[in-house]
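S.K.: Pasting a structure below so you can have a look.
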Amino acid sequence: MVLEKNEAIIDNSALELKLPLGDSLSNGDTKMAVVATDIPRNNESSMVLTPTDDHPRMVRHPTSYLETLTHLLRGNIGSGLFAMGDAFRNAGLLLAPAVTLFLGVICVHSQHLLLNASRDMAARTKKSSNPHFAETVELCFKTGPKATQRYARFARICVDIFLCVTQLGFCCVYFVFIAENIKQVIDVRFPDYQLDLHLHMLFVFVPILLSCWIRSLKYLVPLTSIANILMAAGIVATLYVVVQDLPPISSQEYVAHWSTMPLFFGTAIYAFEGIGLVLPLKEQMKRPAQFASPLGVLNVGMVCVAALFITMGFLGYLRFGDKVLGSITLSLPQDELVSQCIKLAIALAILLTYALQMYVPVSIIWPGVEKRFGPFRYPVFAELLFRSLLVILTFVLAEAVPELELVISLVGAVSSCALALLFPSLIDIISRWEEADPWRLRLCKNSFIFVVGIVGFLTGTYASVYSIVEKLA
């Protein structure tokens, strides 16, 4: 979403940090959630009672409405935002805003479905806290109809797989994104030393690998703090440059050819996929009921996110037209100092948060590796080797397919679509199968969302793969 999308939710004063399996850490595209360990120390802890708790839950430094809203915004705004110009090119200047809003409404509704299912599963199984994403899916299958119970473990594994694929896909995007932005600046500033994009990715590989050797999230806090500042400044500066000398609206296509719509769908879902973020954010609030209320954090935050996506996409496509690239930053004037600073700032922000993207697949896969092949004589070295192999994997995939816009669309269509649309609608049907459903409205609504997800998954994957093969041929 699942860890885009960048800005981490890390409490600087927390003694220890943990990552629940299946959740994600809010980091632009990262969509991961880092939760401070609930360890009381003197009077520093606050007592928070969630609606589904049977007893009070201790949370160190619970967040307010405004703090949680800030985390939600930071967790959903990242590289996907800068890809919206290309997304609008694939849908059209007038059609794209409407479809973006439509997809945004569906994605937010799916997030509410997950929140409701997690709350219901906590009450049904008498858990003291709401289960995370993968566990919620497993419990829904396990407590649902007999036909679904045998697939409970399989469903959880599927969620974990899609979370890993999403995060590793984000990491591949990061390699291409950073290298392309740096290459544009270097090519202009040092025209006698123009290098191939693959070499730039190789140079970027070293600092990324070193950052992934940091095993504790606590020590990543300084890096993510710098990244937050750079990303915010980069977004404001990008919008300032884009609105200069805008052409008339009639200069661009209102509705694009239908064959490019699947690419738009994949990119839009990639940008909106932040579903792994909602559960841990709610858990850390002083008043969790304020998260999913009509004017709560989720609805207000996602309205702001959707407005920013539509604004960036509309202005980006209007300004650059068919010449808009996979990231709007790449379309900015190459010889202007402001544009060069924007590219370097955002590239550095993405680089500093790559390690956070990698945290989810490591937390999901490494325990299984340790159980299967351990215990290791040198456990720290073994984990560092494993982390290095995952970085090398994303580097090789990025080198093989250095097409930013197509990789973003493919990741969105394959994994983000499953996490954001398919699983939430499915578990809502399964978890509430015994409840009365007059006129089968709930079933029809969830079936519609599921069909939208399936169509987007199939057409988006096909269009992305076809375009990649065509580019590489």
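Every residue, even glycine, has its Cβ placed from backbone N, Cα and C.
TrEMBL entries are annotated by machine, without manual review.
Taken from TrEMBL, the feature domain 'Amino acid transporter transmembrane' applies to 61-464. According to TrEMBL, the feature transmembrane segment maps to 94-117, 154-177, 197-214, 226-243, 255-279, 291-317, 337-360, 380-400, 406-427, 448-469.
A description of the local structural setting of each listed feature is requested, covering burial, neighbours and distances.
M.R.: Only residues 6 or more beyond the boundaries of the transmembrane segment (154-177), in the same chain, are considered here, and those with a CB under 8 A from a CB of the stretch are 1-5, 21-22, 24, 29-32, 79, 133-135, 137-138, 140-141, 201, 204-205, 208, 273, 276, 326-327, 347, 350-351, 354, 357-358, 360-361, 364-365, 390-391, 393-395, 397-399, 401-404, 407-408, 410-411, 414-416, 418-419, 423.
Sequence-distant contacts of the transmembrane segment (197-214) (same chain, six or more residues past either end, CB-CB distance under 8 Å): 174-176, 178-180, 182-183, 186, 220, 223, 351-352, 354-355, 358, 384, 387-388, 390-391, 395, 398-399, 402.
Within the chain carrying the transmembrane segment (226-243), a Cβ under 8 angstroms from the stretch's Cβ atoms is held by residues 6-7, 28, 74, 77-78, 81-82, 311-312, 315-316, 319, 328-329, 332-333, 336, 338-339, 341-342, 345-346, 348-350, 352-353, all 6 or more beyond its ends.
Residues 1-5, 22-24, 26, 29, 31-33, 72, 75-76, 80-81, 83-84, 86-92, 94-96, 99-100, 103-104, 107, 110-111, 114-115, 118, 130, 132-133, 136, 163, 166, 291, 298, 305-306, 309, 405-406, 408-413, 416-417, 419-421, 424, 456, 459-464, 467 of the same chain, all 6+ positions outside the transmembrane segment (255-279), place their C-beta atoms under 8 angstroms from a C-beta of that stretch.
For the transmembrane segment (291-317), same-chain residues at least 6 beyond its ends with a Cβ under 8 Å from one of its own Cβ atoms are 65, 68-69, 72-73, 76-77, 80-82, 84-89, 93, 96-97, 100-101, 104, 107-108, 111-112, 115, 238-239, 242-243, 246, 252, 268, 271-272, 278, 281-282, 285, 324, 328, 331.
Residues of the same chain lying 6 or more positions beyond the ends of the transmembrane segment (380-400) and with a Cβ under 8 Å from any Cβ of it are 168, 171-176, 179, 198, 201, 205, 208-209, 212-213, 215, 358, 361-362, 365-366, 369-370, 374, 407.
With a threshold of 8 Å between CB atoms, the same-chain residues lying at least 6 positions outside the transmembrane segment (448-469) that come near it are 106, 109-110, 259-263, 265-266, 269, 401, 403, 406-407, 409-410, 412-414, 417-418, 420-422, 424-426.
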